[in-house]
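Student: My questions will all concern the structure given below.
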């Protein structure tokens with residue numbers, strides 16, 4: 001729109017300049033006529049002109065008789081309305097891949113989704129560590145005599161050892177002390193010689209069982225017994241001659257043995273330690 005205004009202004013100025021040139025030529029002709037008059041020569045009035053040239057003709061444009069100074073250019077008009085949007089241009093080529101942006105802040109935790117379908121059975125796991133069993137608990141002994149029992153009513157002190165790896169049998173006191181609670185089997189085989197034998201098996205100062213053998217002169221007899229007992233840790237078991245010296249016929253030498261043995265059948269494993 002500004003360009004249109006500039007074109008109109010240029011046309012207007014060219015028209016004013018043309019009128020000024022016409023006025024200047026008229027003034028020159030008038031000057032020539034005036035000079036002729038002053039010289040005494042009559043100027044012949046042109047034919048067909050009945051109008052007095054000294055009087056302005058109001059029917060003619062003002063430019064025919066007076067030239068004004070060009071006016072000041074007017075102010076620029078208001079901008080026109082925006083034109084219509086042009087058509088979309090052709091699609092450009094794909095640009096280069098931009099650089100990765102900075103990592104955003106973690107989003108809020110979403111809601112728990114619905115349970116999925118049941119999966120297939122997994123592979124068998126690795127074999128577990130070996131658990132506790134009765135075989136991991138050991139308690140056993142087997143001892144014998146090397147001579148005739150010298151005293152009665154006291155624990156018989158067996159001083160020949162066949163097996164006592166756990167040292168649960170004490171040869172000083174002559175007693176077996178329970179360390180592993182459980183069920184035990186005890187047995188004894190005694191040689192009887194020179195007199196009768198009466199032997200009792202004790203547990204914690206309580207008589208559990210008796211064995212009696214009547215000696216036959218010129219013979220070597222045997223007396224034996226066995227029992228199964230449940231023991232707690234700290235319980236004690238032993239053999240002793242019951243009664244006076246008349247029943248002290250328990251004998252041993254290089255060719256005759258008297259033995260006392262016992263071993264754990266199975267332990268009492270706490271419920272917390274049992275395998276499930």
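Cβ from N, Cα, C; glycine included.
Here the structure is a predicted model, which means the values were calculated and not measured.
Annotations for this protein, taken from TrEMBL, read as follows:
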type     : residues : note
SIGNAL   : 1-20     : signal peptide
REGION   : 29-127   : region 'Disordered'
COMPBIAS : 35-47    : compositional bias 'Acidic residues'
COMPBIAS : 79-108   : compositional bias 'Basic and acidic residues'
DOMAIN   : 134-271  : domain 'C1q'
Student: Mind checking how the domain 'C1q' (134-271) divides into helix, strand and coil residues in DSSP?
Tutor: 7 helix, 75 strand, 56 coil
Student: Using DSSP, break the compositional bias 'Basic and acidic residues' (79-108) down into helix, strand and coil residues and give each count.
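Tutor: Helix, strand, coil within the compositional bias 'Basic and acidic residues' (79-108): 0 helix, 0 strand, 30 coil.
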Student: For the domain 'C1q' (134-271), would you mind checking the mean pLDDT of the predicted model?
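Tutor: Across the residues of the domain 'C1q' (134-271) the model's pLDDT averages 92 on the 0 to 100 scale.
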